[in-house]
Each structure stands twice: as C-alpha cells, then as structure tokens.
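J.: If you look up Swiss-Prot, you'll see 70-75, 104-108, 128-129, LYS141, LYS150 marked as NAD(+) binding site. According to Swiss-Prot, the Zn(2+) binding site annotation covers GLU183, HIS246, HIS263, on the basis of sequence analysis.
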Amino acid sequence: MQTLHVELGERRYPIFIGSQLDPEQLLEPYIHGQQVMIVSNVTVAPLYLSHYQEALESLGKTVATCILPDGEKYKDIQHLNLIFDALLEVGFNRDCTVLALGGGVIGDMAGFASACFQRGVYFVQVPTTLLSQVDSSVGGKTGINHPLGKNMLGAFQQPQVVLADMAQLNTLPERELSAGLAEVIKYALLGDEDFLVWLEENMDGLVARDADLLAEAVYRSCAHKARIVANDEKEQGERALLNLGHTFGHAIESYLGYGTWLHGEAVATGMVMAADLSQRLGWISNEDVARTKKIIQRANLPISCPQIPLDDFLGYMAHDKKVLNGQLRLVLLKQLGQAVITKDFDVELMKQAILANQHG
C-alpha cells in the first residue's frame, strides 16, 4: 500500500492506494461520530456495499444506506434530495459521516450533500472507478449539474480520507477504465513529460489492468493533483490547469446529453482540440499533436466528436466556470508537459480546432 497526503494545514488528509485494502483498519481513525450514511449506486452496491457496511458496523457504527441510480444524467437536484431525505429519515446529526462508495457521480453528489446537510458534516471518499480515483475524489470539488451547464451547483468539501482500491477496478467496464485513463493522460500532458513517456511505455499494461501499473498510475496522478490542490485549493490560479480539455469536453457532454459520452471520453477529445489549437497558435508541433492523439487512441478513447453546430458548441463554452469578466480562458499547451491558462488566443483558430476534430 502507498500513502499520499493532501497538505491543507489542519485539514490535511491521506489517500491510501493499494489492492484489497482493509476498510475497518484504514477508516477507524477518520470516522469521528457514530453515524455513517453510505451513498452508492445500483451498480456498485451489489459488489462492495456489504464489505464496507460490515467493516463499519464492526467498529460499532450505526450505518444507513442511500442507493441511487447509476449515471451522469442522475447528477441533479432531484437525486441530491434523495440523500437529504435518507439522512433526515434516519435522524442523523451533525456528527455523522457521509461515505461515497462509487465513481465520480456518487462522489460529487455525496460530497455536496455532506457540505450542505446541517451546514456541513464529515465526508469520506471510496472511489471505485479509475476516473474517480485519479481525479474527482481528490481535492474537494463536489457538485451537481444544471440543465444549462455541468457542475454549476456545488461546494468545496474536502474528505477526511480517500481509499483507492485497485481490486475494485477489476469489475470496471472497459469503457469506464478508458475514461479514467483520459484523466491520467491529462496529468502527463499538463505537467510531466516524463510521466507521458512512462504512459507510452506502459499503456498496453494499463489497458490490460495490470494492478501494479494501475497503482503506479493512480499514485503519480494523485501526487500531481495533491500538489496543485495544496497550492490552490479554491481554483484561483494553478488549479485551473487541471481543466485541460474540459472546456471543450463539457461542451461535448452538454450537447450530446449527460451520459451519452462518458466524462473521460469527452475530455479525451477536448484535449485533442486543445492540442490542435496550441499547434495553430505555433506553441507545439504537428508531431506533438500526433503524439497526443496516439496515446489517447491507445487508451481506446475518441479523438473526435460527432458534428455539433458551432454556435451550440460556443454557447456551451460560454457557460464555462473559467469565463472571467466575460472572457473565455482556455488551458492550452506551451509544450507537452507544460500547460498554461490563457485568454490570449485567436477565436477563429479556436473555431477551426473545434471543427477539425469532429466527424460526420
């Protein structure tokens, strides 16, 4: 087992990374009250819920559960209310812990519920997908979608602890595994060319679910994110770099309808668009773009999206949270392994990059 810490002063917390982790031993120091609400979904609960429920009950905790439908399209206010209903129906108080057992959607919703319930209760993350292990479970971003934009309602709510168990990735569908690899590739492109070289050498093993390689990828990804979050928790500066590919990707997700494409699939094509625009600006070479596309394709991810009317695409981009004083800012590549956030780009070149990476 490997351990990382997100350094946030008094709110410092560990990320435990390994296979067949022992929840009873690892969770005991981080469950502060007697009451635990496990939030999961209909896919994950039959696989792992009893394991965590029994571990918590053996610690003497009162455990209740809230099981939600599975999918991004349920990340809305109606389903968030089901978590509040469950907490209120069992009479949980301000010393309770909300434990997220699932992927990014469950983590986002359970975390947001924990931030809101009685103005804030304890929160624990047990991410069961690669994407949530390397990205959404670390750093405290929580929230739900609105019909006009992704993640428009939310809060920063740091967990007490994160348990990333590689054994849980064995039950992950191929498509979900690839979606997680998109976020792993993102860390390499935005800040670590050595990691990109490692991914190029080991992508076949990652796709084949080699547990040691997956643990290394999760560790290196979380280390990057932990460092950035420690420096910029509320995304006032450097943390925005973690949105490489996301402005384009969120537009794709929003237009196609949440859940049609997985988040990681949209981010993958978004990173291709960002690389394409970076090349058009003269920052990176054609070879760099080709290298970006190749590693994304080797992860079984899309490098273009279905045709989306340009006005619709730009409309969704205008709702992006990185818009500042009416100006869209994008995360682009100065070189592979070095991203910048900038408003200094030619909008016509951006339009060309969007259109060039769509298919009929």
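The backbone N, Cα and C atoms fix where each Cβ goes, glycine too.
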J.: According to DSSP, does LYS150 (NAD(+) binding site) sit in a helix, a strand, or coil?
T.: strand
J.: Counting distance between Cα atoms, which of the binding-site residues GLU183, HIS246, HIS263 is nearest ASP108 (NAD(+) binding site)?
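T.: The answer is HIS263.
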J.: In the same chain, which residues outside the set GLU183, HIS246, HIS263 have their CB within 8 A of the centroid of the CB atoms that define the Zn(2+) site?
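T.: In sequence order, the nearby non-listed residues are LEU131, ASP135, ALA182, LYS186, GLY245, GLY249, GLY264, ALA266, VAL267, GLY270.
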J.: Measure from the CA atom of HIS263 (Zn(2+) binding site) to the CA atom of GLY104 (NAD(+) binding site) and give the result in Å, rounded to a whole number.
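T.: About 9 Å separate the Cα atoms of these two residues.
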J.: On a simple 10 Å Cβ count over all chains shown, which one of the binding-site residues ASP70, THR129, LYS150 is most densely packed?
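T.: Compared across ASP70, THR129, LYS150, the most Cβ atoms within 10 Å surround THR129.
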J.: Quick one: Cα separation, HIS263 (Zn(2+) binding site) versus TYR74 (NAD(+) binding site), in Å?
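T.: So the alpha carbons of HIS263 (Zn(2+) binding site) and TYR74 (NAD(+) binding site) sit roughly 14 Å from each other.
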J.: In this structure, which of the binding-site residues TYR74, HIS246, HIS263 has the fewest other Cβ atoms within 10 Å of its Cβ?
T.: TYR74
